[in-house]
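Novice: Handing you this structure, nothing more for now.
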Amino acid sequence: MLMSAVKKRKKRNKKCAFRSRLLNTLRFLLFFNVLSLPLYFFSRLDFPLYGLQHSVASLTTFLLGVAGFDVHAQNNLISVHTPSGMFAGFIDRECTGAKMMLGFLALCFATQEATRKKLKSLLFLPLIYFANVLRVFSVFLLVCFFGAESFEFVHNVIFNTLAVLVIIAMWIGWMKFVK
């Protein structure tokens, strides 16, 4: 009799724990969706990010030059020699990493962490910026090696996937290591 009461209590505790985790997950998803609205509006509205675009273009041009490539830049248009001829890529507002930053902040602010810890997520923004510059540099680098015809695959498949993985890895790092 006593054993069955203990089993019932354990079963009830497991149900409560499951419900609690489920509610926490639903709460996180709800807040994440609400906090993702700026990301949606950023995609729909044409907010000018000229300074950020120029800095990404300048750093990418610098890195390509340091890597030994014949690179030319005019405003935010970067031109490099590839096996299939010249390739030019324009650094527009989608190349700034702003979406990556907004997505990361939405993930961090949707958690049930303390406000102080959430504010520390802002310290990751420069890291995300430089990860994005490396992403743009790497796209140009791979196009230099494999030709302009590789751009669509490299840019749209490989590096968009890697960008998501980098943001998730940074978010997990923020959750585990930031106090």
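Glycine too: its Cβ is placed from the backbone N, Cα and C atoms.
Checked TrEMBL, it gives:
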TRANSMEM  21-41  transmembrane segment
TRANSMEM  47-69  transmembrane segment
TRANSMEM  122-148  transmembrane segment
TRANSMEM  154-174  transmembrane segment
Novice: Quick test of the contact rule: Cβ under 8 Å, at least six residues beyond the ends. What residues does that give for the transmembrane segment (154-174)?
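Specialist: Sequence-remote neighbours of the transmembrane segment (154-174) are 100, 103-104, 107-108, 120-121, 124, 127-128, 131-132, 135, 138-139, 142-143, 146.
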Novice: Under an 8 Å Cβ to Cβ limit, what residues of the same chain, 6 or more beyond the ends of the transmembrane segment (47-69), are close to it?
Specialist: 75-78, 80-81, 91-93, 95-98, 132-133, 136-137, 140-141, 144
